[in-house]
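Notes to accompany the following structure.
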């Protein structure tokens, strides 16, 4: 930073300058206004500040026409309060109009007290905390501090930590003052947040034991509140103990961090962030540095410093001289400002009359200098300022990434595209260690062929491997798959307060990524980071499909029990007999067969046993009957029977379809509520998985009951893996259900056709790729996952590994709900059997009736049965005939009277039925007509 060639003569600069003024005088006629400055006798720290002060005075004098600032410099030790008081009194005796410095709290306090007494403006440029009892305005009436106000600067650090989302961090500090500077950071941490670790370093230059302790704790966020000369060495040792990897992040609180040469650490993987009070690319700072270098060159003292490495105190001295000269100039325009020699020990204490006016003017004046906008509050503190948030990069050293101010907070200056490009660039040629666990279809051992030797990533196959492979092709990194030793996903043990499984593997920095069916949960998010979900899912129930019952042809009889059918048959016969008896007894059911003949002495009753049975049968079948009873008693019996038949028919038809559907399956569960309400069917989850955590922490009463049931069940219902749960469901014979994530359940049901999913999803969540907290690659990997999703590659991967590979697609039939409720022939075939049997019986009865009628005709007509059969068959098969005369047996007394009628009838039938000529020879040969109207020969 500082150039070489500095000599001790720098301490004689005040004397030399005073000698020049004494010899030359004020040749340009400008009034001399002395200004004092006190620097510490530590050349490495104060040399640049003194140069900044002197050449700031020189630049002011180049532009002022009416006065000239004369710098008077004194040197003190940071711990020598007595000498400090004496030096400030010497400056007062020489008539200084302001005192700049010193830079330590102890000596600055003494100088401020003297300046307050003599009312000389006191301008400081260092951190000055607020006293415990609060600020007393009178004691600070003459003090102006250009260094950022302590509380506001602490708030800036707190805002940065909040913006970075640091939930936990470790503070390394080297002094009590340093810890005081971080009070706002300690206050933003709530009691429910992760603990903050505070570690102090002493004068021992070996920081490795401390850094190893921090590493073993798993902490990756570190705040360095130490002197600038210690920062580089601490980070060197952090690199030696592998605490400067990509997952560690450092925030350096010193405003002089940009002055450190980080060349040897520029290619470290850690994120190193610092704050800077000035814009090192501004014209003002370049102009000031030019003045310093040219002025020192004229004095034969080579001095080199780049604008990027200017110390904050030097810049503040430059701005302090500028703002003081502005106040003097503008007040001098109204009233000439004259210096006065003052004495500290005088009995008649005299104060400088212009001091308070100058200080008050500086408080209300807004200036802009090398360190940005300069605005003071009523106590002379710099309450408003701008900070640059800078980050160490490989190419440019510290690079500005954001700004901060009290009004707007953190405001990033780089775009998201720049951030993404930077991350992707850092991924090139990097090899990630990817942790996973065996579990189909996410990761499985590849099946070996005869004589084949597999190693490295070739040992595995599955969805997870192809997912990581796709991401690596997008981002350009390499990867190596490793199996987590305990094969667990990752759960937190509240007793040991430790994680296991994949989460522990990441916390131990043994892997960069973890990918499998790892669910994103709140608890895991507190320990590791996740990408955006690459698959969404929920908890569902795996259960065995219902056992299909054997088909029964007479299933239609099942809605009514055997007892009911017997009771119905008995009632049918009983009501029919009752109706027959009552109709024989009731006069109203005896009717005149010829209503037109009122003098007919005979009546007849149509309610024989056949008609009674037909009426009751028609009623129970819902068809009714053409004839009805007339008597009140028989009508009452018929009415009661119809009411009974209507109820039975309605009940039968309403229950038939439901019964025939339900009889094909066992009693089954349909939702989680069904499981919770019963105790016969046991159910469980994978031990230590996210599904188990869901039931453990749920506030829903149903799930709480289910968890209590699982926890108390003996033998245990928990399993070590999904495969074990699947096997238990198969062997459980519908007495065990397994609660698991829907993606794994879908994979199983694609290959085990006797298993099915019950109900919907109990929750909604996602699988994500896990990585250590504060991983710089999360944004890039999430972007790659999103790209694969938009291109449909995630869907293709799932289809491939769920429905195609390793036996997928065996159970592709998706039953239609409407078809499931349909009754097949196997269920109602008995109805057709009964109908066929009934028709067959009716056919046999019809043949018997036909043959009986043929016999009767043959007897009555005195023809052979064969002739009678042929004649009847011919008539029955002749479908053109639609009418048939009624046959009546005629007595001999009426035979002659009706011979002409028979002749006409025969002639008519002969013309209508030409086919009967073979059977009937002539009309004269007819002696009788059968009941069907046929004529037969008698030979």
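All residue numbers here begin at 1 and follow the chain in the order shown.
Including glycine, each Cβ sits where the backbone N, Cα and C put it.
Annotated L-glutamate binding site per TrEMBL: 519, 524, 690, 691, 741, in sequence order. Annotation comment: TrEMBL describes 431-804 as domain 'Ionotropic glutamate receptor C-terminal'. Taken from TrEMBL, the feature domain 'Ionotropic glutamate receptor L-glutamate and glycine-binding' applies to 441-508. Look at TrEMBL and you will find 890-925 tagged as region 'Disordered'. The site 'Interaction with the cone snail toxin Con-ikot-ikot' annotation in TrEMBL covers 787. According to TrEMBL, the feature transmembrane segment maps to 564-582, 640-662, 828-852.
Projection of TrEMBL feature records onto the structure.
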residue	record	Cβ within 10 Å
519	L-glutamate binding site	24
524	L-glutamate binding site	24
690	L-glutamate binding site	23
691	L-glutamate binding site	25
741	L-glutamate binding site	26
787	site 'Interaction with the cone snail toxin Con-ikot-ikot'	15
Additional residues surrounding L-glutamate, by Cβ distance to the 519, 524, 690, 691, 741 centre under 8 Å:
489, 517, 518, 520, 521, 689, 693, 694, 765
Per DSSP, how many helix, strand and coil residues does the domain 'Ionotropic glutamate receptor L-glutamate and glycine-binding' (441-508) have?
24 helix, 15 strand, 29 coil
Whole-number Å distance between the CA of residue 741 (L-glutamate binding site) and the CA of residue 787 (site 'Interaction with the cone snail toxin Con-ikot-ikot')?
25
Length of the line joining the Cα atoms of residue 519 (L-glutamate binding site) and residue 787 (site 'Interaction with the cone snail toxin Con-ikot-ikot'), in Å:
21
Of the binding-site residues 524, 690, 691, which one has its Cα closest to the Cα of residue 787 (site 'Interaction with the cone snail toxin Con-ikot-ikot')?
524
I'm checking region-level scores; what's the whole-number mean pLDDT for the domain 'Ionotropic glutamate receptor C-terminal' (431-804)?
86
Any idea of the Cα spread of the L-glutamate site, 519, 524, 690, 691, 741, as a max distance in Å?
17
